[in-house]
There are 2 protein chains.
Amino acid sequence: MPHRTAFFISDGTGITAETFGNAILAQFEAKHRRVRLPFVDDADKAHQAVRQINHVAQVEGKRPLVFLTVVNMEVLEVIKTHCNGMIMDMFGTFVEPLEAELGIKSNHRVGRFSDASKSQAYHDRIEAINYSLAHDDGQSHADLEGSDVILVGVSRSGKTPTSLYLAMQYGVKASNYPLIPEDFERRQLPPALVPHRKKLFGLTIDPMRLSEIRNERRPNSRYASLENCRHEVNEAESMMRRAGVRWLSTTTKSIEEIATTILQEVRPERLEY
Amino acid sequence: MPHRTAFFISDGTGITAETFGNAILAQFEAKHRRVRLPFVDDADKAHQAVRQINHVAQVEGKRPLVFLTVVNMEVLEVIKTHCNGMIMDMFGTFVEPLEAELGIKSNHRVGRFSDASKSQAYHDRIEAINYSLAHDDGQSHADLEGSDVILVGVSRSGKTPTSLYLAMQYGVKASNYPLIPEDFERRQLPPALVPHRKKLFGLTIDPMRLSEIRNERRPNSRYASLENCRHEVNEAESMMRRAGVRWLSTTTKSIEEIATTILQEVRPERLEY
C-alpha cells in the first residue's frame, strides 16, 4: 500500500480543502496521513507550510499530496515555487475556465465562511440550531407547528444527531419526538403530534443494531435487550405504517445521508437556493 | 451581472459537490441559482438530471454550470455525453493524475459518507454530540473532566452552536458554561470550572452586537440593554484575562471559523489524522 501524507492547505478555515482532499483520497484504498493547515494567509505562514511539507517529503521519501484552496496570490506563489509535493490546486484548475465562461474576473475572496456571519442564511442556521435544541426529544410542545420537520422514532434511532445536523447545515427547524412504550400500548401517535402529521418523518433501525447501541448506555438492561428492541421497533414501524408516516432505516446510514434523504422528501426546495 | 444556474450533482449525498461548487462560485461576485441533485446513481436518474439541465440551458439561454462528483461511470457517461452545461468534474480532473502518482487504480467508491456509519470516527462524532448536548449551558457538572474543551462566555456569545459544531464535525467533546452576573459579583470563575482551567476557552462578542442578538429574544429587557451588555462583556473579559483563559471574539466570525480557531488552539493534533 502506498502510504503518503496529504496536506489540506487554505488561507481560510481549510474546510473546503479538507472536503476536496478527502473526497479524492476516498477513491483510493490506501491509508494516508492527513494534515489540515488552516489560515495560511501570508508569505511567512506559506514558507512555514512549505518547510513542513518538504520535511515530510524528505523523511518519507515520497511526494506528499497537497490539496490547495488558496486565493491569496502571494501564498500560492510561495507554495507552488518551493514545495516538493504533488499539488492539486482546486481554484487554479476551475476558476480560470470559469472566468472565461462568465466573462468576469474572480475576486480572490478568502474563505467562503469569512463573511457568512452577516448573511440571512447564517442567521437562519443559528436560529434553527436553537429551535432544534429546544425541541429535542419532545422537550417542548410549544410552537411545534414552527417545525420544518418532526422526526419520530424509538429511543436511540438517530433522531437527535439528525435534527441537529439538519439545523446546522441547512437551517432546517427540525424537532424530534420519541415513540415510547406508552404510545405502543395506546397504539396511537403521541397526541401532541396528531395535528402535525404531515410534518412527521420516521427513523427506524435494525433491532440488533439498536440493542448494541442501547447496551453501550445501559448494559444488560431490559431497555437494551434484543427482545425489547425487536418489540419496540416492530410497534413503531406498525404505527408509522398505520399513520401514513414516511420513514427510513438509519442502520447503515451516516447522518449526512439521512439528512440529505429527509431534505429531498420534506423540503426539496431547500436543495435549490 | 452574468446570472447562471449551477447544478451540484453526485451519486452520493452531493455534499462534496456542493462544497466544491460553492467554493468556486464564491470567487465570483455574480449571484447564481444553485440546485443540488443528490443520489444520481443510475442511468435513468442521470437522464433525468440531463433533462433538467438542458431545460434550464434553453430557458436561460446560457450554459448552466455543472459541478460533478460522480464516480459511477455509467452516470458520468450519460451526463458528459448529453448535457449542455459547462462541466466541472472534480474526480475526473484529479483522480487520474493521482492514480499515476500512486501507481494504483481508484476504486470508484460512491460517497465518502456511505460507509462512514461503521467507522470509529463516526461513532466518536455521535458520542461527542451526545456529550455536548448533555453539557450545554452548564447543565451538568458531572464528568466535566471528560471535556476536550469547555467554552465559557456571557449568554448569547455563541457557545452552544460552536460546541455542537465542534462535536458534529470533529468529534470534539465540547461542553459550555455561561458566565453570569453572580460570577462577576464574586469576581471569580464559576467554582465548577476552577479544576479545569486548562480546558477553558473563552468566547467574547462586541456589546453592540450582543445587545442586538439579545433584543431578538427579549426585546427592551434590561438583559438586552446596551448598558448591561457592555457591563457583562467587560466583566467577562476582565475575568478571563485574570484567570489566563484564552479567548476570541465571535462578533464577525462564522461557527466554522470559530471552531477551526479553537481546534488549532486546544486540540491541534485533531487537525492531523
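Note: Cβ is positioned from N, Cα and C throughout, glycine not excepted.
According to TrEMBL, the features are:
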| type | residues | note |
| --- | --- | --- |
| BINDING | A:G153, A:V154, A:S155, A:R156, A:S157, A:G158, A:K159, A:T160 | ADP binding site |
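Among the binding-site residues A:V154, A:S155, A:R156, A:T160, the ones whose Cβ sits under 8 Å from a Cβ of chain B are, in sequence order, A:T160. Sitting within 8 Å of the Cβ centre of A:G153, A:V154, A:S155, A:R156, A:S157, A:G158, A:K159, A:T160, and not among those site residues for ADP, are the Cβ atoms of A:N176, A:P178, A:L203, A:I205, A:T250. In three-state terms derived from DSSP, A:K159 (ADP binding site) belongs to a helical segment.
For A:T160 (ADP binding site), other Cβ atoms within 10 Å of its Cβ number 22. Least crowded of the binding-site residues (A:R156, A:K159), judged by neighbouring Cβ atoms within 10 Å of its own Cβ: A:R156.
Comparing the binding-site residues A:S155, A:S157 on other C-beta atoms within 10 angstroms of each C-beta gives the minimum for A:S155.
Long-range C-beta contacts of A:G158 (ADP binding site), restricted to its own chain and to partners at least six residues apart, with a cutoff below 8 Å, comprise A:L203, A:I205, A:T250, A:I255, A:I258. Counting every protein chain shown, the Cβ of A:V154 (ADP binding site) has 28 other Cβ atoms within 10 Å.
In the three-state DSSP classification, A:V154 (ADP binding site) falls within coil. If you take the C-beta of A:G153 (ADP binding site) and look for same-chain residues 6 or more apart in sequence within under 8 angstroms, you find A:K159, A:N176, A:P178, A:L179, A:G202, A:L203, A:T204, A:I205, A:A236, A:W247.
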